[in-house]
Every structure is written in structure tokens, then in C-alpha cells.
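Residues annotated as NAD(+) binding site in Swiss-Prot, with sequence analysis given as evidence: VAL21, ASP42, LYS47, GLY86, ALA87, SER108, VAL125, THR126, ASN127, THR150. According to Swiss-Prot, the feature substrate binding site maps to GLN89, ARG95, ASN127, PRO128, CYS129, ASP130, ASP155, THR156, SER157, ARG158, THR237, an assignment based on sequence analysis. What Swiss-Prot records for ARG160, HIS175 is beta-D-fructose 1,6-bisphosphate binding site. Swiss-Prot lists HIS182 with the feature active site, proton acceptor. For TYR228, the entry in Swiss-Prot reads phosphotyrosine, with the evidence type sequence analysis.
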Amino acid sequence: MSTFDATRRASKISVVGAGSVGSSLAYACLIRGSAGLVSLYDIAKDKVEAEVADLAHGTQFTPASVMGGADVHDTADSDVVFITAGARQKPGQTRLDLAGVNANILRSLMPQLVEQSPNALFVLVTNPCDVLTVVAQEATGLPANRVFSTGTMLDTSRLRWLIRQWANVEQRHVHATIVGEHGDSEFPLWSTANISGVPIRDWAVDGNRVFTEDVLADLAHEAAYAAYKIIEGKGATNYAIGLTGARLAEALLRPGRSVLPLSSVMTDMHGISGVALSMPCIVSRDGIEGVVPVAMDTEEIASLKASAERLHDTLSSIA
């Protein structure tokens, strides 16, 4: 048995919130075997019990088991706790529009979760995840390495998929990252983006540049606003964020380190402090070990500061 297999069998992930996002996250963790035990918790008793039963009926075919219910004790002794509970983003709403109501939910919820799992890592998925990461840290007093959010991890995956489609290459060759707010002010780090080591602005086919400035602008916009289109069409985004959370859980539970774009509370990052926003982070069993000092050009640093200012304003409005 490998070290990861042994760790996985002994580990527990809890997902708080049995809505479309939480249930999809629990399902993704279950079928991938992200941990040995997946627990789903929600105060809506009938809903969560139905979701748990539906998941449990298929565990003959999964490498993990599932439990859960409407008692917060179902989350006890978790290694990683994902928070997906909160008001759902409606068509036309920005993520920041949800800040006030979801912040109040979180201030009540977080102390209960920490009491059940005092040594856990806590991952915010509920939007606006950057703002709520600050709220969650303040509500618990936990260090920033243990309270963070999925941030732009999904946005980065969206961007890489779009680049892959445009360049007609395998996605594993695409290296590009979105940073800043998980929301309208996010932006790609085009200055370091590349395809198999070739700067993205230099990628050419038959001598013609594939990624002109107009193309890059369109791709950035499409990645940032993809969720709005999905919400308009089906009411929620759930499958991709479920897979995102499962992948993050594995990075937090397995030996070794990963580099992922996550949102954590910044301390003097390009002069930014007191807000959570996404940067490439070193991730391990200890949570976020540090922020990667990725190279950024002058325009990108200005965009990061503008994104931080936007988040500062929202935090001030719900203080």
C-alpha cells in the first residue's frame, strides 16, 4: 500500500452544505477517493439525508465511503472541511452581492465547525469566497494557512481549457494562471503564460501569431464571466467546482506539495494586506505554506492592487 493510500483510508473530508455545489463536491471526492470518508452536513434534514443515501447506494463502486446528516457532529474530526453553505448566486448577481447575507451565516457557522474539528483545514467555496475567507479567519482566530478558499483555481482551469481550445493542443501543455478576486476583477498573468515553455504571445502557427492582444482580452473575459452564462442556463455551477474541490483535497491530504491558485489573507503582497485574493500558493498537509513570488509586470501589479481595493470596499461594507 502506498503512503497516499494509507493516508486516504484514514482521512476525512466534510462538506458543509448539501446544495448543488456541496453535493457535487461530495460526489467528486467520493468517486475520486480523495479521502477515506466523505461527510455531508446541512441543516435541511430531509435534503441532506436524501443526498447521503443517494451517494451511499453507489459506494460499492467507489474507493471511499460516505456519511452525513443534519447534526454538526457529523463533521467531527475532519481533516479538511469545505464550506459551500449560503445563499445561491442568482442570474444577474455578482458574487460580491452575496457578501452580507453569507457573512452572517459564516460568523455563526465557523465556531461550530472549529469546535468539532479543531485541527482541520477550512476551505471556503461559498461566494464571495475572498471576502468570506477574511470573515472566517476573523470568526475563528485561526492562522491564514488553515483558512482559505478555492479562489481562482476553477477560473484558471477555465482559462487553460479556453487556451487549449484556441491553440488546439493538449491541456497539460498549457501553463496560465488567473489571480486576484474570484470575480469580475480577476485577471490572467499573461506575462508568464506559456504553452510548453513558449510565451503565449509568441505562439504561432504557420508564422502567424495565434494569441493577439484582442484574442487574449476575449479569453480573459470569457474565463471571468463563464459562471454567469452557466447560471443563466441551468441555475448554478456545480460539476467543475466539485472537481476543483476534490483536487484541492488531494493536495491537502497527500504527501508532497502542489502549487495551486488559492485565495488566502495577504500580508504585504505588493503592499496588499488584510484582504484575501488568489495567487499561486504552495499547498501541503499544513495548508498554505506560502505564496509563490511569481513575476508580474507593472500592469499586472496595478490590476492586483485594484482587485484588492475592490475587496477592501466590500469588507468595509459588511464590517
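Numbers run from 1 along the shown chain.
Glycine residues also receive a Cβ, built from the backbone N, Cα and C atoms like all the rest.
Structure coloured by features recorded in Swiss-Prot.
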residue : record                                        : Cβ contacts under 8 Å, 6 or more apart
VAL21   : NAD(+) binding site                           : THR84, VAL125, ALA236, THR237, ASN238, ILE241, GLY242
LYS47   : NAD(+) binding site                           : ALA18
ALA87   : NAD(+) binding site                           : LEU98, VAL101, ASN102, ILE105
ASP155  : substrate binding site                        : ILE178, HIS182, GLU186, ALA223, ALA224, ALA226, PRO261
SER157  : substrate binding site                        : ALA240, THR244
ARG160  : beta-D-fructose 1,6-bisphosphate binding site : GLN171, VAL174, HIS175, ALA176
TYR228  : phosphotyrosine                               : PRO91
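Rounded to a whole number, the C-alpha distance linking ASN127 (NAD(+) binding site) with GLN89 (substrate binding site) is 8 angstrom. Ranking the recorded positions HIS175, HIS182 by how many Cβ atoms sit within 10 Å of each one's Cβ puts HIS182 at the top. Counting every protein chain shown, the Cβ of ASN127 (NAD(+) binding site) has 26 other Cβ atoms within 10 Å. Following the DSSP three-state reduction, the secondary structure of ARG160 (beta-D-fructose 1,6-bisphosphate binding site) is helix. In this record, NAD(+) is bound by VAL21, ASP42, LYS47, GLY86, ALA87, SER108, VAL125, THR126, ASN127, THR150; the longest C-alpha to C-alpha distance in that set is 25 Å. DSSP gives HIS175 (beta-D-fructose 1,6-bisphosphate binding site) a strand state.
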